[in-house]
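For reference, the structure discussed in these notes is given below.
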Amino acid sequence: MSQNYYQILGVSKTASQADLKKAYLKLAKQYHPDTTDAKDAEKKFKEINAAYDVLKDEQKRAAYDRLGHDAFQNQQSRGGGGNHGGFHPDINDIFGDFFSDFMGGSRRSSRPTSAKVRGSDLKYNLTINLEEAFHGIEKNISFSSAVKCDTCHGSGSEKGETVTTCDACSGVGATRMQQGFFTIEQACHKCQGNGHIIKNPCKKCHGMGRYHKQRNLSVNIPAGVENGTRIRHTGEGEAGIRGGNSGDLYVDITIKPHDIYKVDGANLHCKLPISFVNAALGGEIEVPVIEGGKVNLTIPAGTQNGDQLRLRSKGMSKMRSTIRGDMLTHIHVEVPKNLSKRQRELLEEFKKESINEKENDGSFFNKMKSLWS
């Protein structure tokens with residue numbers, strides 16, 4: 001017993017039109033003779049088309065369900081149900097999605113194509129120092145790129161020569177070939193898909209409308225740029241082919257590590273060495289800042305090693321903003337290794353008078369334990 005139309009498409013009798021179409025497209029792609037070498041592909045493909053031709057039509061489907069498979073076919077053979085044997089799917093409606101997937105892209109437009117091709121984007125890695133990132137800077141860079149031909153002005157044709165429309169494809173850039181139910185498009189062999197013919201190509205660019213050379217360009221790096229920032233320079237990439245638009249240039253910023261500062265977003269961190277005397281007594285010391293020069297930093301009396309002191313608005317600038325980050329100083333208390341006789345005497349006297357240096361009472365051990373908390 002032969003399969004009925006529902007079985008051929010692999011759907012139930014209650015399948016919706018959307019389910020029918022989905023099943024049909026899947027099977028049509030699988031069994032189309034151009035996509036498989038299976039011996040029975042052509043036969044299966046005809047069965048699939050015949051089944052879908054009936055089931056996609058609500059009136060035919062109702063008759064098919066009422067009469068059954070064999071009776072419906074007998075009626076069709078007597079001419080009672082129309083001529084579905086010559087069924088030709090609407091290529092734009094039924095197979096639009098199929099062609100998009102199977103042919104690797106969307107269907108081509110019937111409008112003439114342009115021979116102009118946009119140029120490629122370029123990437124340039126630029127390394128700057130932290131001060132340059134803070135202030136902003138103009139940098140001159142050099143790179144190899146395709147540039148618009150100054151002889152033919154990008155047309156690809158010798159000066160005074162005209163570009164003619166391809167007579168093989170009428171300027172479309174593609175030719176069509178009918179294969180059964182399908183219309184296949186391919187690039188025109190005469191114009192290579194350009195849509196026009198350059199009879200006398202420019203000798204300097206060999207008809208491409210561009211050639212390669214070393215370029216020099218001044219690029220602006222804004223103040224507050226961060227490591228890893230990508231800056232786009234529109235139209236500074238490679239020139240297009242035969243007058244097409246130029247691509248873009250992307251400058252990727254790398255900031256070199258600094259000898260003093262570590263960057264944390266807009267904040268700067270630095271280690272600040274101070275004497276144990278300044279740590280104990282407090283005072284003011286000068287510290288360098290990223291914009292140049294120095295500022296005074298107040299050291300509170302009793303400052304401990306590892307304490308962090310903040311200088312507000314002395315960090316990095318922010319792009320397109322007047323707000324700055326902070327500078328955070330991490331205190332490193334230095335203990336002198338070489339003492340003069342007088343310094344030693346004073347420290348010995350301080351030691352005797354200190355009541356917090358008694359190592360035998362409980363307070364010393366409590367301090368030791370607190371260092372772990």
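Placed from the backbone N, Cα and C atoms, the Cβ positions cover glycine too.
Reduced to three states, the DSSP call for CYS202 (Zn(2+) 1 binding site) is coil. Counting every protein chain shown, the Cβ of CYS202 (Zn(2+) 1 binding site) has 24 other Cβ atoms within 10 Å. According to Swiss-Prot, the feature Zn(2+) 1 binding site maps to CYS149, CYS152, CYS202, CYS205.
Under a cutoff of 8 A between CB atoms, and with a sequence separation of 6+ in the same chain, the neighbours of CYS166 (Zn(2+) 2 binding site) are GLY173, CYS188, LYS190, CYS191, ASN194, GLY195, HIS196, ILE197. The feature Zn(2+) 2 binding site is assigned by Swiss-Prot to CYS166, CYS169, CYS188, CYS191.
Swiss-Prot lists 4-68 with the feature domain 'J'. If you average pLDDT over the domain 'J' (4-68) in this model, you get 87.
Distant neighbours of the repeat 'CXXCXGXG motif' (149-156): 163, 198, 201-205, 207-211, 239-244; these residues of the same chain sit at least 6 beyond its ends, with a Cβ under 8 Å from one of its Cβ atoms. The repeat 'CXXCXGXG motif' annotation in Swiss-Prot covers 149-156 (among others).
Positions annotated as repeat 'CXXCXGXG motif' by Swiss-Prot: 166-173 (among others). Sorting the repeat 'CXXCXGXG motif' (166-173) by DSSP state (H, G, I as helix; E, B as strand; all else coil) yields 0 helix, 0 strand, 8 coil.
Swiss-Prot lists 188-195 (among others) with the feature repeat 'CXXCXGXG motif'. Applying DSSP to the repeat 'CXXCXGXG motif' (188-195) sorts its residues as follows: 0 helix, 0 strand, 8 coil.
According to Swiss-Prot, the repeat 'CXXCXGXG motif' annotation covers 202-209 (among others).
Under the heading zinc finger, Swiss-Prot lists 136-214.
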### Query
When you measure from the Cβ of CYS205 (Zn(2+) 1 binding site), how many other Cβ atoms are you left with inside 10 Å?
25
### Message
Highest Cβ count within 10 Å among the binding-site residues CYS188, CYS191: which residue is it?
### Response
CYS191
### Query
What's the CA to CA span in angstrom from CYS149 (Zn(2+) 1 binding site) over to CYS169 (Zn(2+) 2 binding site)?
28
### Message
Suppose the Zn(2+) 1 site is CYS149, CYS152, CYS202, CYS205. Which further residues of the same chain have a Cβ inside 8 angstroms of that site's Cβ centroid?
### Response
THR151, HIS153, GLY154, SER155, GLY156, SER157, PRO201, LYS203, LYS204, HIS206, GLY207, MET208, GLY209, ARG210, TYR211
